[in-house]
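Copied over from Swiss-Prot:
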- 312-339: compositional bias 'Polar residues' (COMPBIAS)
- 69-379: domain 'Protein kinase' (DOMAIN)
- SER2: phosphoserine (MOD_RES)
- SER46: phosphoserine (MOD_RES)
- THR329: phosphothreonine (MOD_RES)
- THR401: phosphothreonine (MOD_RES)
- THR419: phosphothreonine (MOD_RES)
- 310-347: region 'Disordered' (REGION)
Amino acid sequence: MSFLVSKPERIRRWVSEKFIVEGLRDLELFGEQPPGDTRRKTNDASSESIAPFSKQEVMGSFLPEGGCYELLTVIGKGFEDLMTVNLARYKPTGEYVTVRRINLEACSNEMVTFLQGELHVSKLFNHPNIVPYRATFIADNELWVVTSFMAYGSAKDLICTHFMDGMNELAIAYILQGVLKALDYIHHMGYVHRSVKASHILISVDGKVYLSGLRSNLSMISHGQRQRVVHDFPKYSIKVLPWLSPEVLQQNLQGYDAKSDIYSVGITACELANGHVPFKDMPATQTLLEKLNGTVPCLLDTSTIPAEELTMSPSRSVANSGLSDSLTTSTPRPSNGDSPSHPYHRTFSPHFHHFVEQCLQRNPDARPSASTLLNHSFFKQIKRRASEALPELLRPVTPITNFEGSQSQDHSGIFGLVTNLEELEVDDWEF
């Protein structure tokens, strides 16, 4: 029994902000903080998020006490059913938040170690495009992780419920710009993210883009020295197989580095533009072989799909594999109430195609860094801040902001709220 009781205590010491932020940063175990005023700027619109948050802004003075949070509707499960995700209200301010409660008693030692790594980076990272943990603490034998509620959900939620054939290019540019800013910071801190995908891109009510999935981050710092490559294979990697780079999947002595995240950005770009991830529904072994043999996904539009396929009968369309040479049965969306049109009868800019091609280079050394990609011509179309433009570009989608009737003692208004929340893949947010 003492072995089980020690698990919450084992996590508790990692939750201490002083232990993680001050102690470990002083020991220089996690690389150097990127200098705020010496970093190269991109264009004016993209330079807004270079400066990190202040610690006060990140934590938002949320108290680490269970009694300060009124747990409302359960909106998800996860982490092998050991995690319950609640919509909650922070009592001192009335703000609605998301609370992850993880049963530490039932966690294996491997899971506890996994959670420790997540808490490490959540306390260490401090950037406007990385989802902040508002509070982390132990309540009884549960680990509570409090984050802001993301009213637009994840980018995957958006393409699954509203943009089934993909988003428009400008919206994707805003989203990927936020992702690359976060990755640039993460890479300078000496980490590889290893789980960049649409479900780990969260969008707040005011249109701000956040990268989550910190649980999969891997440090490239060993014994105070930054390693050229790492060899660790991601845990639970079957869920992120379509996004993983060939060099990660090879698991050979050459290893991989931060450029593996750039490949994942390219796959995510295809996911957002095509409405589904490349290699979707492929068996794992086939996906592995396709990647190792050099198969490169692409954006699906008039420049990559033969003209005869764009005009063929509505019963055929591009396959769920996300590769332009595969066909399967599908029903294209009707156009203007007339005859159905091909969903990919559109044309993305040459800059967008080139951006994706650069990200998906088979040789990782040929891929640009995150900081280089932020200066790519693809982002020249951005003229405003994401918080100003993205909500307009996501119309007719409206953020979930009406929480009336969601209190646990008042069931009259819960049904509509839960119906909306169930459309969000909260399990995949991973915060």
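Keep in mind that glycine also has a Cβ here, set from the backbone N, Cα and C atoms.
Mapped onto three states, the DSSP output places THR401 (phosphothreonine) in coil.
Around THR401 (phosphothreonine), taking its Cβ as the centre, 9 other Cβ atoms fall within 10 Å, counting all chains.
Averaged over the domain 'Protein kinase' (69-379), the predicted model reaches a pLDDT of 89.
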